[in-house]
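Asker: Sending over a structure as structure tokens; questions will come in a sec.
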Amino acid sequence: MTAQVRDSVRRRESLIASPHDMPRNLSLEFSLPELDRRQDTDRPYTDHAPPHNAATDSSMSWSQSLTMQQDEDFPEYAERIFSQFMVFTVPSYLQHHITGGEPNKPKKLHDIAALDGLRGWACLLVFNFHFFFTYTWHTHIGWGFNKQYFGLHQLPFFHMIFSGHIMVAIFFVISGYVLSYRPLKTIRSGAFEQTFAVLSSATFRRGLRLYIPSIVGLFSVFVAVRLGLYNYSRWVVDHSRTITGTNEQHPIILRSTYIQLWDWYNTICRLMNFWDWGLYYNNYNPHLWTIPVEFRSSMVLFVTILAVSRFRTKVRLILEAMTLWFCVRWGRWDVVLFLSGLILAEIDLENGIWNNNTATTSNCESATAPLSDLEKLVGTTSVQSLLRRRQNAIWIGIFILGLYMGSSPNIGGLYTPGYVWLAHITPKTYPEPHRFPQTLGAVLIVASINNSKTIQKIFVNPLSQYLGQISYAFYIVHGPILHGLGYTLMHNIWQITGRETAFQFLFGAAIGWSICLPIALWLADIFWRAVDVPSVKFARQLESELLAKFQVSN
């Protein structure tokens with residue numbers, strides 16, 4: 001079968017790419033174009049051409065190969081389609097073993113690639129949170145809460161491994177930073193026409209970018225419900241004693257497909273109602289409550305950038321800070337996170353932290369300096385090196401402080417040692433008080449990563465970048481996996497291992513986690529290539545075609 005697959009794939013030249021050929025998604029698809037070229041505004045500005053996108057090419061090859069060729073009969077056509085489908089289901093980083101091709105070389109990292117990796121790891125920790133919080137509410141509380149909870153997993157730093165709310169804060173700060181990055185570059189260069197084009201493109205494509213994968217994911221759950229794949233897990237929810245933590249929304253099995261379809265349709269309508277500032281947890285995938293929040297906050301961000309675009313940097317920063325304070329005053333923690341990302345991007349660009357000309361300049365100066373000036377130059381270089389090391393140490397300290405604040409418990413911060421002072425400074429307007437200290441933590445984490453090459457090394461390795469690439473797909477698919485497979489597994493695993501003692505609970509949970517995580521990552525890889533990448537391409541093509549037909553001429 002392997003030989004047939006290899007021959008078929010080689011014959012049709014439809015090699016499917018490694019994830020390293022495709023830039024990060026969700027909010028990271030930038031690349032600086034020429035003035036008349038439309039690209040994703042979610043990808044950072046770079047002075048070089050974007051890398052070849054083999055993942056997108058493979059999606060196009062796949063769709064084109066569905067057509068029966070003139071020189072093949074139906075059995076050959078069916079065999080070819082089946083072979084290509086089987087290859088497509090192989091994780092992208094393993095496909096070169098099946099096709100016989102060369103593994104793809106890692107792409108050149110862009111300036112803020114570390115934020116891609118940070119988003120990937122944050123999404124993985126969200127998986128941990130959603131896996132464990134179903135079976136215990138201890139994931140929500142910190143060490144020493146009410147003077148009676150002293151678990152290792154509740155200590156600061158360790159608590160972040162199982163606490164998902166801080167990860168949402170990190171998502172939103174990253175989105176604010178990345179979505180602001182390129183518009184701010186054009187503003188700083190004085191290219192206001194390009195700024196308008198960038199913001200127009202970002203606004204047009206943002207909804208498509210967020211909602212197309214979400215709707216496809218929800219439809220997949222709808223199909224799974226009608227196929228009976230949630231019947232057993234529904235029984236676990238209704239009759240089992242397995243779920244002793246957060247019993248979140250679960251797919252409801254209705255009496256007919258027609259009624260279920262209308263229920264799914266109403267779910268989509270409510271999910272797209274970004275006018276409702278409340279949080280909407282739907283029954284098919286409650287974790288998608290962040291999607292309308294992302295879209296709404298993105299629109300506020302774009303309007304803010306447009307409003308301050310023609311002012312000088314200092315004036316922009318003052319106005320942005322005033323807007324952020326206004327949002328804090330009214331408890332809009334989600335918009336605060338996006339605007340925090342905007343302000344961080346402004347400060348980083350003003351400080352020139354992404355300008356990589358320091359080393360080159362020093363080398364040129366040393367090569368052309370007179371011999372009498374070499375001692376001064378060497379002395380200056382030594383001082384600069386010392387200052388950089390001290391500055392790096394400061395940012396590492398800020399990163400650790402951010403992790404500590406990010407470990408703030410979701411419940412009972414006022415009664416948790418080490419976090420009482422943060423609870424006291426939390427604005428009374430915050431509807432969920434834990435969002436404020438976690439906001440501070442997320443801002444410090446992102447700021448320190450951008451300013452420390454040492455910390456960036458954690459997030460720019462191939463594994464981190466891969467997790468970043470598939471993170472949006474992983475976020476969409478992990479919930480249905482945990483609700484369908486996870487609920488079923490854990491009920492049966494604990495029937496065997498028991499869960500009366502801490503050891504039994506953790507042993508059974510470790511088995512279930514070890515099964516659910518690889519499956520979720522595998523399906524996320526497929527969803528990324530089958531839905532996420534094509535949705536980005538579709539949004540870009542739709543914009544280009546509409547502009548070609550209906551663009552207003554000057």
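Easy rule for this one: first residue shown is 1, then count along the chain.
Placement of Cβ uses the backbone N, Cα and C atoms for every residue, glycine included.
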Asker: Which range, 1-20, 361-380, 421-440, does TrEMBL list as region 'Disordered'?
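Answerer: Comparing 1-20, 361-380, 421-440 with TrEMBL, region 'Disordered' matches 1-20.
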Asker: In TrEMBL, which of 253-272, 313-332, 393-412 is tagged transmembrane segment?
Answerer: 393-412
Asker: Given pairs 6 or more apart, does the transmembrane segment (287-308) have at least three Cβ pairs under 8 Å with the transmembrane segment (502-524)?
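Answerer: These two segments do not touch.
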Asker: Restricting to the same chain and to residues at least six past its boundaries, which positions have a Cβ under 8 Å from a Cβ of the transmembrane segment (472-490)?
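Answerer: Beyond its ends, the transmembrane segment (472-490) has Cβ neighbours at 25-26, 123-124, 126-127, 130-131, 134-135, 213-214, 217, 220-221, 224, 229-230, 232-233, 236-237, 242-243, 250-251, 284-288, 508-509, 511-512, 515-516, 519-521, 523-525, 527-528, 531-532.
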Asker: Short question: which residues 6 or more past the ends of the transmembrane segment (157-179) have a Cβ under 8 Å from it?
Answerer: 26-28, 30, 41-44, 112, 115, 118-119, 122-123, 125-126, 128-130, 132-133, 139-140, 142-143, 202, 290, 293-294, 297-298, 301-302, 334, 337-342, 344-345, 403-404, 406-410, 434-435, 438-439, 441-443, 445-446, 450
